[in-house]
Amino acid sequence: MATQDIIARSATTTPMPSVRQVGEVAKLIDTSKCIGCKACQVACSEWNDLRDDVGSNLGVYDNPIDLTADSWTVMRFAEYENPAGNLEWLIRKDGCMHCEDPGCLKACPSPGAIVKYANGIVDFNQDKCIGCGYCITGCPFNIPRISQKDHKAYKCTLCSDRVAVGLEPACVKTCPTGAIVFGSKEDMIEHADGRIADLKERGFEHAGLYDPAGVGGTHVMYVLHHADQPSLYSSLPDEPAVSPLVSLWKGVTKPLALFAMGAAVLAGFFHYVRVGPNRVEEDPEPGEPIVHEVDPSVHVVDPKGRE
Amino acid sequence: MDMNRRQFFKVCAVGLGGSSMAALGMAPPAAFADQVRHFKLASTRETRNTCPYCSVGCGLIMYSQGDGGKNVVQEIIHIEGDADHPVNRGTLCPKGAGLLDFVHSPNRLKYPQIREPGSNEWKRLEWDDALDRIAKLMKEDRDANFIERNEQGQTVNRWLTTGFLAASASSNEAGYITHKVVRSLGILGFDNQARV
Amino acid sequence: MTNHWADIQNADLVLIMGGNAAEAHPCGFKWVTEAKAHNKARLIVVDPRFNRSASVADLYAPIRTGTDIAFLGGLIYHLISNDKIQHEYVRNYTDASFIVREGFTFENGLFSGYDASQRRYGDKSAWGYEIGEDGFAVVDPTLSHPRCVFNLLKQHYSRYTPEVVSSICGTPKELMLKVWDTIAEASAPDKVMTIMYALGWTQHSTGSQMIRTGAMLQLLLGNIGMPGGGMNALRGHSNIQGLTDLGLLSNLLPGYLTLPGDAEQDYAAYIAKRTQKPLRPGQLSYWQNYEKFHVSLMKAWYGKNATAENNWGYDWLPKLDTPGYDVLKVFDLMYQGKINGYFCQGFNPIASFPNKAKVGAALAKLKYLVVMDPLATETSEFWRNAGDYNDVDTAAIQTTVIRLPTTCFAEEDGSLVNSGRWLQWHWKGAEPPGQARTDIAIMGGLFHRLRELYRKEGGAFPDPILNIDWSYLRPDEPGPDEIAREFNGKALADVTDPATGAVLAKAGEQLAGFAQLRADGSTASGCWIFCGSWTQLGNQMARRDNADPYGMGQTLGWAWAWPANRRILYNRASADPSGKPWDPRKKRLVWWNGTAWGGTDVPDFKPDSPPDAGMNPFIMNPEGVARLFAVDKMAEGPFPEHYEPFETPIGRNPLHPDKPGVTSNPAARVFQNDLELFGKADEFPYAATTYRLTEHFHFWTKHSRLNAITQPEQFVEIGEALAKELGIQAGQRVKVSSNRGFIKAVAVVTKRLKPLTVDGKTVHQVGIPLHWGFTGVARNGYLTNTLTPFVGDANTQTPEFKSFLVNVEKV
């Protein structure tokens, strides 16, 4: 018997099994305890057998500079001078948020290429991925990346292979300061409450939990010192929501999926679809040498552009 | 596609049943939950170790492929923190989390080598030749420069023209035997990484 | 560490200064976050850079590199003048009441007895306590005598006013006072602060005195010996604690025993000098047992050949004609062509030592160099031309280099000592690549060959080589377990209790602890402080019981800690003079139960000495108390004084502006050719400091792909203000030069480095991480130590990597 069920599946209209009552899991990332050590990045790549390119330094601590098909989580560093004039180094582990209402899954035209398990994990199945990049468009957090090696989309699996056998994700296990914790979503919210109370006592009056309602909540949540301004944390969306465009596509998902299955050769065309409307991109200033094209087929990153 | 088959999705990583059924052709390839990778540590050997980097001394578990049988070369395929360890409690920093690539670094040395004076290349040596040659170099220098008495005629028994830098991550056992050897030779130019 | 990693959870306040624990020791730093989470602890970080530790601190204060003595000295005066010290602790457990000899002075930046021509204190005779007719030190418990340590201390630091300190350190005065006042709260007996420091204090020409100032602060606050307190040196490598414990330093023998000097020709006098009698009545003065440890060591090394008749092989030990042949001295001799052969065992000196040009030139003068390492280090390839990174004339280098591949941790059994002094055993998990061998096998193989050569051919003084006890089962490769049993020690004859005559250990049995060691040759122990690690009950280092019955995080059943499985040193001081914990609620460590000392840790004390017997907690000191006054132990004086780094951005010592002789440490050793290479602020205006990043470990992880990905390329950190001044944008390449060379790297421009106002001037600081080189899978880069000055601390000779001058230019 299956120990977990798939409760949502891309480009599929058949009802999903819903009898077994599987508990929902969540990962809680406490930015106020994070030291940006990147252990989670390394543990993620080690566990998932990923080895990104050895890049270059672009004038910031962030490395790799952005998520790639080979780097499913990255630390984003922001230097913020608060109104009192004190410096805060806001460091955020970026990666898939495992939305309750996943925009990627809704946007995906290939049946079963994106699934959601009853425990809340949203997973990609590269065997079925056609590399169209719609998941990127559908994602309010700009997470999935298309590999230039196999033209398939990749992202954090929340270590579905570890969770399936009762272990915590690799990033959670390794986190030296306990900034990343894992458990039932209920327990994680309770844990966050304790952390928020502590932060308020230390003077962060706007400390709070980031579990955005616009995507139905997430299975990766943040404790933020400044929950009133998520965008301070390297452009974490203040109010993320699944794009209306994706909702429109949802109506035509099935025919599109069938089409896709019959015409996988068109994958190459879809592959060049650019990032969706949720991503704010500023044109780099002329002469700025730090702009770095990470993955030209997907998007451009300007490390200076981030707060 | 026949969506009814979705009930066969199996997400347990050690889903032998699922893959067998797929192999029997009972379902189209998409019917089984190959989304979840097989759990790669299911039958690995676990060995306890200590991280060799900083001085926190984090406990490690090294997972190696193979069951220790005669015909297998155990290969470490994964390293993670030891949850029982009272200091690291399973955690590892980015260095510790990346130990696998240190163990398997392409720059690990495999054979004794020699670079001759003025040469621009390494040549491979056999162990016996390397150790014989070093022992000879040491003895020549020691015999020529050992100081039994200083200018005041005091017994000093020191050898100053060869020095020894000991490691920072070698075990106590290696360190102890190194000290025993180095002092019995009379070496004083002897330090370890603690100096810097 | 006086304490240990998990004990940090017991702290109420954490001061990270002279270190960056979040960056360099993330998994140990977790106990700071635990103290914050479960103990409502506050974290203060004082550092030149707003670093990763600062990112989660409650309070951060910037400081100019190399000025920590001024900061802490000012704090000491602030505590005394605001009456924020733990009075009962200071009065009973420190030498505050001891009277200092007449003739002790401090004038114009110098203590009494300085010899300017030798750049050292030739006469330290006044740096001691007044000794009474009874042979004991004279004390004044009322602390009113003008020459008692407390009053001299107060007087010494009265010059360190907040204004003066702020002007030296560049720390804004209000912020500094806020830090000081927060720390002052830890003077309450139930409030405990821990200090976590590392090479940010060690690597200065005044590094030892910086650490001393921190220790003095902790004594005044009553925090030494307390759970959640202590002076915690976060050692940099996995076993430099163990290798130091085992005495792998020029002047040491295992267990902090010391080598004799030339003048110590007489064995009895050598022992007598190290066997210090108590300086106060009723004190233990544990080093009175020195000979037991020494003889047991010589029996472990020389077996039956070490006898009472030959003074236990005393003449087989080399004698020192200088305080020590530390690495700076050895490389200076090598540079002069006076060293022929050199061994590097898992050590990469061309990357790790200052002034790479000098180190490279020195190596090129060797006849032979032997490198034992798991990795292809830069040192092993110092002769290879790597362009700008190592621009050498290969053909002209006549050194024979032999490189031997060694196993790494994963491929061998053995023990390592962590910073908390825990000896932890580890097990082999796989075979090494190719033909790599263990260091033990290499040392065994070499020694075995040398011994055979001396046996056959004779040669210079073969006695110690031929007399050594090498009765290992496999002489070419002794087993790690055999060696571990040897350094623990065993009974050579039955060991009996002198009081009762009962047999404590039968001949041949492993010893249970160093209390069983004897000076009559009936015991052998290769390292007395490790005695107890492999007893008759087996390998104690392999224990894995993590139970914590008192909830104090001491886990006495996990591995084994020296000494005697004691987790917190000086823990008798966690209880008041009557034997009760200062804080019986949350800080219970050891206490007097009416008949004996016991508790959550192994007492660091004579277990049956009742509180009213008057024995004091610092049993290794002849005084029985801790020293605020360092007597003659330090090179530059009994009280730490601020001196500028040898390369100072302000060119003078604001405490002694008109005395150029005391601008920098007057007792530090400077080699002639290095003196000329010190840069001046007019040419090299910026204060630079070098450090590690959390993504890398020294020069090792650049060989690891996973780590190379996370920090692939060499960079330097420059504050926004300086970057603007120089027209440098983030991501551009810059050239950073000192008077010894240059490196080129990517500029990281940051708000985390702010210009400081020092001595009326603006001082910019530049941060230079050290992890790149010309071998590895990360992008090649320059060795950072191309830039650093070849001068060390006056006591330890640890190089001044943390404070020097550079210039920065756009490439």
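Backbone N, Cα and C define each Cβ position, glycine as well.
What TrEMBL records for the [4Fe-4S] cluster 2 site is A:CYS156, A:CYS159, A:CYS171, and among A:CYS34, A:CYS37, A:CYS44 the residue it adds there is A:CYS44. The [4Fe-4S] cluster 3 site recorded in TrEMBL includes A:CYS96, A:CYS99, A:CYS104, and the single candidate from A:CYS40, A:CYS139, A:CYS175 that the record places there is A:CYS139. Taking CA atoms as the reference points, A:CYS40 ([4Fe-4S] cluster 1 binding site) and A:CYS135 ([4Fe-4S] cluster 4 binding site) are 24 Å apart. Annotated pair A:CYS108 ([4Fe-4S] cluster 4 binding site) and A:CYS139 ([4Fe-4S] cluster 3 binding site), C-alpha to C-alpha distance, rounded: 10 Å. Ranking the binding-site residues A:CYS34, A:CYS37, A:CYS132, A:CYS135, A:CYS175 by the distance of their Cα atoms from the Cα of A:CYS104 ([4Fe-4S] cluster 3 binding site) places A:CYS135 first. Mean pLDDT for the domain '4Fe-4S ferredoxin-type' (A:25-53) in this predicted model: 98. Closeness to chain C is evaluated for the binding-site residues A:CYS37, A:CYS104, A:CYS129 by Cβ distance, with values under 8 Å counted; counted residues in sequence order are A:CYS37. Take the Cα of A:CYS34 ([4Fe-4S] cluster 1 binding site) and measure to each of the binding-site residues A:CYS129, A:CYS135, A:CYS159: the nearest one is A:CYS159. Checking each of the binding-site residues A:CYS129, A:CYS132, A:CYS135, A:CYS175 against A:CYS44 ([4Fe-4S] cluster 2 binding site) by C-alpha distance, the shortest gap belongs to A:CYS175. A straight line from the CA of A:CYS132 ([4Fe-4S] cluster 4 binding site) to the CA of A:CYS139 ([4Fe-4S] cluster 3 binding site) spans 14 Å.
A distance below 8 A between C-beta atoms marks A:CYS37 as the binding-site residues from A:CYS37, A:CYS44, A:CYS104, A:CYS139, A:CYS159 lying next to chain B. Look at A:CYS104 ([4Fe-4S] cluster 3 binding site): DSSP puts it in a helix. Listed in sequence order, the binding-site residues from A:CYS37, A:CYS129, A:CYS156, A:CYS159, A:CYS171 having a Cα within 10 Å of the Cα of A:CYS96 ([4Fe-4S] cluster 3 binding site) are A:CYS156.
Among the binding-site residues listed (A:CYS37, A:CYS129, A:CYS159, A:CYS171, A:CYS175), A:CYS129 has its Cα nearest to the Cα of A:CYS139 ([4Fe-4S] cluster 3 binding site). Take the Cα of A:CYS37 ([4Fe-4S] cluster 1 binding site) and measure to each of the binding-site residues A:CYS129, A:CYS135, A:CYS156, A:CYS171: the nearest one is A:CYS171.
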